[in-house]
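Scroll down for the structure; my scribbles are underneath it.
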C-alpha cells in the first residue's frame, strides 16, 4: 500500500527500465489525488512525462499495466528509502520493502562497499564476488564465535555460529540450506560453513573430519563437476552432508548423501561445455608411465570428451588436478590399486564411446571385427570381445515359455551403448561416495548433527528437459518448506510480543507440488507411460493435456507445440520439452550387457555390479542418486523382491529421496543461504541487475520480503525509538516511563492506529511508517537547522557590522592624528629656520675675527722661532764637545778592562781542564771495570745486586762531586774578588805611570786613533743604518705576505673545520641511525625469540594439562588403580621437575593403550604436537651439539695428552695399591699385637693407667685411631660412590628420589670434576649431619678390657673391606693431584723464566741509560738519573697497589669463608670434647649470661614436614583471607629461607625436593583455581619474588650490587641453582600467560559494550532501524556494561596486583597487555559492524580512549607503552571523523593512519554509514584514491588484529631491601614446625 501524501516535490521513486530493471527518478511536482499524470526527472536530468523521452506525461494505467494483475487499478510507482537506510545489513530494516529497494540495497553493498553478504530476515544472501577475499581466516572465525547473529555484519560464519549455538542450546539438530544457480558459490559457502564448525569445535589443524571432508572435495569435484556455459566448475549433483557431534559438541564424523547425478553429461555435452573433469584429467596425464596400459590419448580423440568443442579450461592444469585427486584418494584410504582400478573403468568408458556401430540392414547393426576401441574396452574391464560385441548389437526378449534374441538397429544399439556407459559411471560414482562415507564415519555415538545442503537452484533454459524438471520440483518442495518456516517465525514473533495476529496471505505452492507428485500427477503419468509397451513422449504429452489442461491453472500448453508443456512455478513459468522424458525416466540398460560385465575377471567391476539390498542408514541415508537402475540377469522365475526394486523409475526414486530429505529438514531447524550470481561473465564485483532479479525471484528472497511487508516489517524497541525520535518530542511529553512516552508521541504523530502496534518490548510498524517518521524527523531537524542558520547568520552580520564600525572609527582617529602631526611639523620647521639664520650670522662674524687673530699670531711665531734657533745652535755645539770627550774616555777604560778579563778567563780554563782530565781518567777506569764485571759475572741476581750497589756508590760520588763543586765555586768567587781588587789597584798604578811618562805622546797618538775610529765608526753606522732600513722593509713586506697567507690559511682551515664538522655530524647521525635501527632490529629479534619461547612454554603447559586429563581418564577407566588425593600428593612431591618429562613420555605410551575407547582426535592432536615439540627439541639439541663440537675441538689436544699420560697413571696406580695393601696389613698386624699384649698383661696389671706400657699402648692407639679416621674418610668416599652408582641406576628404573649427597663418579668426565667431587664429599662427611663422634680412648680401652672383646667392632659397618675396592678411585684422585701439582710447577717455572727474561731486559736497559748518562754533563746526568728513578719507583708503586687490591679482595673472600667455616666448626664442636680435655677435674658452676640470638635468616624444618609446609603455605593459602594482611611476597621469603637452610647444611636432596614440591604445588593450585584473578596474581607475585631472591642471594656479583653487607652474608654457599632459576622463570611465564587469559576472560564481555555500544556522551549517537537484529536471543541478557565498568575492573586489577606486591615493571607489562586486548577487540568489532562506523561513534570512541588515558595518568602508567597499543583504535576513530572528499583529505588520511593497514582503512571507509541524512557517504572514487596512494605500503593483508597475541614478558631483576633475619612468621599460617636459625 502506498500513501499519496508522500508523493510530493523532490520525493524519489522507482520506475521500470528495460536495461537497469529499475531506475531512480525524482518528482518535480506534487502529486494530488485525481491527477492523471506524474512529472518525473531522472537522475541524468531528463524530464519524463507519460513514459516519453522528453516532456511527455505518463499515463498511469498504461505505465503500470505491466506490473498489476488488475490493469484497471492505478498504482503509483515505488517510493525510494531514505539515504540513511541504503546499504543496511538487513533488508527487512528498510522502510519500503519492495523489489527495487532490495535490488538497490544489494547493489550498493556489493559495488560500493564490497560487501557480499546481506541478511534478508532469516535468509543470508551471498553474492559471488569472483575474487578471493580475505574474510575467511581464523581471526574472522574467532571474531564471530560466540556472537549473536545480528550483532556482527552478515557473514556465512554468522549463520554457522547461529546453527552451532542453537544445536548446543536447544538440543535440536540443525540444517543449513545453501541454494543458488550454477556458479553462484554454493559449494564454497558450504565449505566455509564446515570449516567454521571444525574450528569452533576444537578440531582444526589436526587430521579431523573437516580435513577429510575437504579432502573429499577434489574427488567429488573431479567425478561430479563439469564445465558449463555458466560455470567452469559446476556441480552436476546435489549433496547433503551431515556433520555429527558428540555430547561436548565436537565433530566426530560425517555422512554424505547425493542427489540426481546428471548422467546424460557422460555421453553428451552442449557447445562450450565439457564432460566430467576426471576424463580430461586422465587424458592430460596419459603420458605418465603408470597410465600406459589405459591406452589413452588426447581428449579430442574420444567422442565423450570432444562434443562440447572446449576441452581446456583457461587457467586450469588437468595434470596437476589429477595429482590432487590422487592425493585425496590416498588420504581417504583408497590405495593405489583401487585408484588404478577406478581409472581403468573410466578409461574403458571413453573407449566404449568410440566403439563405432554400423548398419547391417534397416533392422540390424554390427560392429566391425577387431575394433581397437572395443578391444581396449574388453581388455580394461576383463570381458571377452565376442560377448560384448554380440550384446551391443542384440538384445534378449523373454516370454512365458521362450527366449528370443533380437537384433537392434544402429540407433538403438548406439543408445544402448550410451546407456551402458552412463550406468557404469553411475555405479562408479556411487561406489566412490560410499567409500568416502566410510572414511568419514566413526564409532563414537552421535549426539546431534548439523546438515549442510548444497543443492541446485531453480533453473530455466531455452530447452528444458527431465533434469530441469526434477531440479525445479526439488526447489518447489524446498520453497514450500521455506515459506512455512518464515510464516511460522513471523507468527511466533507476533505471539511473543502479544500483538493482534492477522493471517498473512502468502504464496502457497502446494498446488504446484500436487500437480507434480500427487496421484495422476505428472510423475505418475510418466511412470504409467513408461510401463506401456509402446509408450512414447507424444502419447505422454497427450495424457498430460487431457488430464491437467482444463483442471489445473498452473499447467499450460504452448501455442505452437504439441510435445511440450508449461508449469507455473513459484519463480517463473517454465516450458519443458517432452522429448527424452520417458527414456531418461526409465534409464534402461540391457541386462545381457550387465551379465557380461558381472562375469568379468576385473574384481572392482564385479564389486560395482554386486546386487545387495540397499537399506537406509540410521541417519536416513538414501541411495546416492536418483538415476540408479538395478538390473537382473536372472530369468523370470528367479526374480525376487530386489529385482522389483530395479523397476523403480528415476522419477520415483528421486521423489522418494526428496521426501526423505524433506523429512530430515523438517526435523531440524533450518538456516538459509541464498547464493546469487552477479553476472554471467565471471567479472569481479560486476553487478547485472537483470540476472540478479531473476535469481532473487527464484530463490525466495522477494517472497520473504513480501511476507514481511504484509505484516509489520519495521520493529523498534522502546529505547531505540525514544533515542531516535527524541527530537519529535516536547519536554512535557518526556515521562519517566519510556514505553508510555513512546505511546503518547506515536498517537500524536500517526493518526491511523492500524499503522503500528505496541508489543511487550517492541513497537511494530507497517511498511512505510518508518520512512514517514524519518521524514518528520528530517523536517524537524531541517527547521532546527534553518533556525540555527538564521541565528548564526544574524550573529555573523552583526559581527561584520561591528567590525566595519570599529574600522571606520579607527580610520578617523588615524586621519586626525596625521593632520595634527603635519601642523606640528610645520611649526617646528618655522622655528628651526629662525634658529638656523641666527647661528649663521654669528658664525660669519666669528670667522672674520679669527682670521685677524691668526695673522697676528703667525708673525709673532716666525720672530720667536728665529731667536730660538740661534740659541739652539750655540747649545748644540757645546753638547757635541762634551760627548766627544765622554766617548774617548770610555774607550780607554773599556780597552784596559777587556785585557784583564781575557787573562782571567785563560787562567780559569787551564784549571778546569786539569780537573776534567782527572775526572775523565777516573770514569774510563770505572767503565772498563763494569765491562769486565759483565763478562765475568753471568748470574743475573749478583749483577742486579752489584748494579744496585754501583748505583748507590755513583749517587754517593755524585753527592761528593756536588759538594766539591760547591766548595770550588765558593773559593773561585773569593779568589775572583781578590783578583778584581788587585787588578783595579794595578790599573791605577799603570795609569799613573803612563800619565807621568808619556802623557803628551800618548795623547797625540790616541787622538789620531780616535779620529780614525770615529770615521770608521761613522761609516759602519751608516752602513748598519742602511742595512737596518733594508731589513726593516723586507721584514715588513714579509710580514704582510705572511699575514695574507695566514688569513688564507685561516680561511681554508675554517672551511675544512666546517666541512669536517658537517661530515662528522653526518657520520654521527648516520651511525646513530644505524645503531638505532640495529638496536630496534635486535630488540625485535629478541622479542620474537622470547615470544616463540613463551609460546612453546604455553604449548608445553597445554600438553601437560592434556596429559593430566588423559591420566585421570585412565584412572577413571581403571577403578582398581584409583589413588587417593593424599597418595597422589605424596607421590607427586617425590618427583623431580625433570622426571615430569620422562613421565610425559611414559604417559603418552600408556595413553596409546586406552585411546581405543577415548577421543581419537585428541590423541592424534597430542601425538602430533609431541612430535613437533620433539623435532624442535632435536633441532635445538643439534645446534647445541654443533656449538659444543667447536669447544670439544679446542680441548682435543688436552684429551690426547691426557690419554698419553694415562698409561703412566695406571702403572702408578698399581704400585700405589700394593703400597696401601702392605700398609693395611701392617696396621692389622700392629692392632693384633696390641690386643695380644693387652690380653697377656691383663692379669699382672701392667696395663694400669700411668704405667709405661699403658702410655705406649695409648700412643699407639691414638696413632692407630688417627690413621683409622683417615681410612674411614676414604672408605666413606668410596662407599658414597658405590651408593651413588647403585641409586642412580635404581632411580632410572623406579623414578624415586635420589639419595642425599651422591654423585656418580663414573659420569665425571675429567679429573677436575673428580677432585671437586672428592672435596665436596669430604666436606659432606664432616658436616653435622654425617659427623661421627670420634672414637674415644676410654671407650676403646673398655672394649679391649672386656672379657670377650668383639674385635669386629673396630671394623664397624664393614668399612675396612671397602678400602681395597675403592683404592683405584683414590689413587686416581691422588695421581691427578700429583699431575695438577706437576703442571702447576711447570707453569711456575715458566713464569719464573719469564720474570728472569724481564730482569735481563731491564738490566740491559739500565746499562744503556747509564752509558747515556755518562756522556751527559754532571747536572743533566743527575737530573736524568733522578727522573729515571722516579719513573721506576712509580711503576713499582702501581704494581704494588694492584697486588694489594687483589690481596684485599682475597682476604675479604677468605674472611667470609672463614666465618662460615668457624660457624660450622662451632656447631660441630657442640657437645664434643677433645682427648686433651678428658681430665678428671672438678667442674665449678659458672653463671654465663645469655646473649641475644643472632638469626641468620634461615628456617629449619624436618624432612617429614615438607608436605605440611607446602600444603599450608601454597595449597591451602587463600589470597583473600590470610594472605591479605601479610608482607607482600611472604610465602616466597619463607620458601627461600627454608631453601637457605637446606643449602647451609649441604643437603642437596632437601633442596631438590623442596624446589620440586614448590613448583608442582604452584602448578596444582593454578590448575585448580586458574580462573581466579587474585589467586593467579598472588602466585605470580610470589613466584617472581622467589626468583629475585634466588638471584639476589646467588653470589653472582651482577646481582649483589644493591645488597647490604648483611644480605651478602646470606648468599647461597653450596649449590648453584641457575638451572632451577630458569625453571622458575618458565613457571612465572606460564603464570603470567594464565593471568592474561584470566583478565581477557573477565574483560572480553565488557569491551564491546563499554567501548562501542554504550553511549558515554548521551544524545550524540543516533539509532537506526535494525530489522531482525538479535532475534535469536542466543544468550541471556547479562546486563549492560559501560566504560565505567571497564575502568572499575582495570582499577581492581591494578589494586590487586599492587596489594600482592607485584613488581612495577611487571604491572606495566600487564597493563600494556590489557590495553592491547581492549584496543584489538574494539577495533575488530568496529571493522565487522557497519552500524558502528559513523561520525558520532568516532566521537564516542575518542572520548572513551581519553578516559582510558586519564586512568593511565592517574595510575602513573603513561610510559608503560599501553597508550601506543590504542593507536590503531584512535586512528580508526579519527578516520571516522575526518573529511573524506578531496585529494587533500586522502593525503591527510594516508599520513594520519600509519598504525592501520590498507585493508583496515578501506574497510572502515566502505563501512562508513551516515546516521543522519545531513551526512554524506564516502564515494567509491575516494576509496580508490586511498587504495592507489597506499599501494606501495609493505604490510600484512590481514584485516583483524590478533586478539590472542601476548607480548613477550620479561622479569627485570628487582632486589628486595628486606632483611631475612627480621621476617616474622604469622601464626595464622600454621607453620609452627619451622624453626628460625
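Heads up, the Cβ atoms here are built off N, Cα and C, so glycines get one too.
Where the annotation comes from TrEMBL, it is an automatic prediction and has not been curated.
TrEMBL lists 86-778 with the feature domain 'Myosin motor'.
Positions annotated as ATP binding site by TrEMBL: 180, 181, 182, 183, 184, 185, 186, 187. Counting only same-chain residues six or more apart in sequence, the Cβ atoms lying under 8 angstroms from the Cβ of residue 182 (ATP binding site) belong to 228, 230, 231, 234, 235, 456, 459, 677.
Residues annotated as region 'Disordered' in TrEMBL: 615-648 (among others).
Summarising the annotation, TrEMBL assigns compositional bias 'Basic and acidic residues' to 633-643.
Summarising the annotation, TrEMBL assigns region 'Actin-binding' to 658-680. Mapped onto DSSP classes, the region 'Actin-binding' (658-680) shows 9 helix, 8 strand, 6 coil.
Feature annotation from TrEMBL assigns coiled coil to 930-1113 (among others).
The region 'Disordered' annotation in TrEMBL covers 1115-1138 (among others).
Annotated compositional bias 'Low complexity' per TrEMBL: 1129-1138, in sequence order.
What TrEMBL records for 1163-1278 (among others) is coiled coil.
For 1382-1464 (among others), the entry in TrEMBL reads coiled coil.
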Quiz item: List, by number or range, the same-chain residues at least 6 past the region 'Actin-binding' (658-680) whose CB is under 8 A from its CB atoms?
Solution: 106, 110, 120, 122-130, 156, 159, 162-163, 166, 170, 172-186, 189, 193, 230, 240, 257, 259, 451, 453, 457, 473-474, 477-478, 481-482, 485, 616, 620, 622, 686-688, 691-692, 695-696, 699-701
Self-check item: Check: same-chain CB within 8 A of ATP site center, minus 180, 181, 182, 183, 184, 185, 186, 187
Solution: 128, 231, 234, 235, 457, 675, 677
Exercise. Quick one: among the binding-site residues 183, 185, which has the most Cβ atoms sitting within 10 Å of its own Cβ?
Key: 185
Practice problem: Tally every other Cβ atom lying within 10 Å of the Cβ atom of residue 186 (ATP binding site). | Solution: 27
Self-check item: residue 181 (ATP binding site): tally of other CB atoms within 10 A of its CB
Solution: 24
Quiz prompt | residue 187 (ATP binding site), number of other Cβ atoms within 10 Å | solution = 19
Quiz item: So what sits near residue 184 (ATP binding site) in its own chain, CB-to-CB under 8 Å and at least six residues off in sequence?
Solution: 126, 128, 457, 675, 676, 677, 695
Quiz item: Taking the Cβ of residue 180 (ATP binding site) as centre, how many other Cβ atoms lie within 10 Å?
Solution: 26
